[in-house]
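Some notes on the structure that comes next.
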Amino acid sequence: MALARDAKLESDTLQVLQDVANRLRIHSIRATCACSSGHPTSCCSVAEIMAVLFFHTMRYKQADPEHPDNDRFVLSKGHAAPILYAVWVEVGRICESDLLNLRKIHCDLEGHPTPRLSFVDVATGSLGQGLGAACGMAYTGKYFDKASYRVFCLMGDGESSEGSVWEALAFASHYNLDNLVAIFDVNRLGQSGTAPLEHCTAVYEKRCQAFGWNTYVVDGHDVEALCQAFWKAAQVKNKPTALIAKTFKGRGIPNVEDAENWHGKPMPKDRADGIVKLIENRIQTNRNLTPKPPIEDSPRISMSNTKMTSLPVYKLGDMIATREAYGLALAKLGQSNQRVIVLDGDTKNSTFSEVFKKEHPERFIECFIAEQNMVSVALGCATRGRTIAFVSTFAAFLTRAFDQIRMGAISQTNINFVGSHCGVSVGEDGPSQMALEDLAMFRSIPNCTVFYPSDAVSTEHAVYLAANTKGMCFIRTTRPKTAVIYTAEENFVIGQAKVIRQSAVDKVTVIGAGVTLHEALVAAEELSQQGIFIRVIDLFTIKPLDAVTIIQSAKATGGQIITVEDHYREGGIGEAVCAAISREPDIVVRQLAVTEVPRSGKPSELLDMFGISARHIIAAVKDTVMK
């Protein structure tokens, strides 16, 4: 494709871009030298790419990096963070002297970028995830904001071995994300040796083309070729573009360029000054280029009206699965705010997110069976507060995306996860479908609220609370139908449990959630007929846990607690309760949980086989009382 007249570049512009690239190299070398760690060679391979992107191609407001109309940039190869910080020194947002505090505890210029910095949308550094997040940003720009901003993602060639990269490539082409450009920094070298394809740019190109992408192979150190390729990419419709840049690690550094064993090593201090002087001698001007301003056409949005529009419609005793109640609540939530979106991994007819899709099809994203990418896409969609994202699949399959979820926490995201088909109550499908580790996983995530509703009414409240809660949330839903135990007027608060059965003569406090709460209620009724009374607590949120209610109830019942959960013992409800009462010497906790890998069977059979049915609760209560 020939360049249009306005895309032609003057020689002085090209020289300024090359000079900027070399200044970026110098900043990266000095910063990593100052902290005696970091990745200057990985920075040097992308210096021209970064110079062209930020000072020629991208449109953004220098003084407002978070502006909704700015082009987006994701540094998927997060170890090259120093050169990103160097860019913002050249832009004027960071003092050059601050670079010398790179990686120091009092400085936000960390070893890998995080959103502590206003110009970073998502944390990176765990490789292979940046493109998925960029897909979410691009999808939001094209389909929700319907805006002009574009998204650029810079990746390393080593990380292209990650399967999540190819999940993202498939997603982007399926949804025709022509506002997305992925840049492969093909510098040949990985951390401990060569990358698998080394400099075979033709293979990268064929693979990207096979995934439905428009492609350009360029010399990644030729600023004019880069400018032309980015301009061409902007003209392409209905396809994302992959720019495959042949580069050299450590470019511009004598005896280091394209040499192995320099990954993650700063330049020796006795050589650094000489290297910097050499690069400075290549710089012909101190001029800079002013980025083009963005096209301001993103809609102005508000999240303040994300409220429960009406009370739940369920009646006491109605039988409905919490997974179905989730779908119905989500559809209702979607009516209150047009920025509520839902992502699912080809399980919408099981998680019941299909109810939302039927009412709001334009806000439903089918991510197919690619859970890692689904989480990254949601992360991208939620950046800059553009959407309220719910992500649903079987809870067992969310474990596959634990690293993406972990990085979401580092990114300070507000994604809401919903995992269905939890525990042995899944039944005949067997252990591969049963989430028995999910509570442990989400409890370990910083600032993550963990909901475990026990009926349809509490599920609806959990959905609305999650939508309005800062940080990540996880809602655990179950497959079998359970009875509605709360009236429509019942109020729910994060961190407050419900004492749903009590008397003045209770002997034991039994704590459950989900299906085991209903087993506890059955046990309580049968025990009462035998003259034994127990207190039953519905936790509602596992994190934060209502320690006050638990301790008060335990002290009122002789210091005796029994926890019962459809989850492995490790990391579940029992351990959470034990932690909550750890400073109470007179309280004893007995845990009923799944203790081995289960098998197929009817839900009731499995609850009984693995010791968490009403029968086992009754036996545990009697044993406790007898002691």
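Note: Cβ is positioned from N, Cα and C throughout, glycine not excepted.
What Swiss-Prot says about this one:
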SITE      HIS39  site 'Important for catalytic activity'
BINDING   HIS39, HIS263, ARG323, SER350, HIS421, ASP429, ARG479  substrate binding site
BINDING   SER42, HIS79, GLY125, SER126, LEU127, GLY158, ASN187, LYS249, HIS263, GLU371, PHE397, GLN433  thiamine diphosphate binding site
BINDING   ASP157, ASN187, LEU189  Mg(2+) binding site
SITE      HIS263  site 'Important for catalytic activity'
ACT_SITE  GLU371  active site, proton donor
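In this structure, the binding-site residues under consideration are SER42, ASN187, SER350, and the one with the smallest number of other Cβ atoms within 10 Å of its Cβ is SER350. Note: GLU371 (active site, proton donor) has non-local neighbours GLY345, THR393, PHE397, LEU398, ARG400, ALA401, i.e. same-chain residues 6+ apart with C-beta under 8 A of its own C-beta.
Looking only at Cα atoms, HIS263 (substrate binding site) sits nearest to SER42 among the binding-site residues SER42, GLY125, LEU127, ASP157, ASN187. The binding-site residues ASP157, ASP429 differ in how many other CB atoms lie within 10 Å of their CB, and the one with the most is ASP157. A 10 Å radius around the C-alpha of LEU189 (Mg(2+) binding site) takes in these binding-site residues out of SER42, ARG323, HIS421, ASP429, ARG479, in sequence order: SER42.
The binding-site residues LEU127, LEU189 differ in how many other CB atoms lie within 10 Å of their CB, and the one with the most is LEU189. On the backbone, the CA of SER350 (substrate binding site) and the CA of LEU127 (thiamine diphosphate binding site) stand 31 Å apart. Long-range Cβ proximity for HIS421 (substrate binding site), meaning a same-chain Cβ under 8 A and a gap of 6 or more residues, is found for ARG323, SER350, PHE394, ALA395, ALA396, ASP429, GLN433, MET434, ALA435, THR478, ARG479. Each of the recorded positions HIS39, HIS263, ARG323, ARG479 was scored by the other Cβ atoms within 10 Å of its Cβ; the lowest score goes to HIS263.
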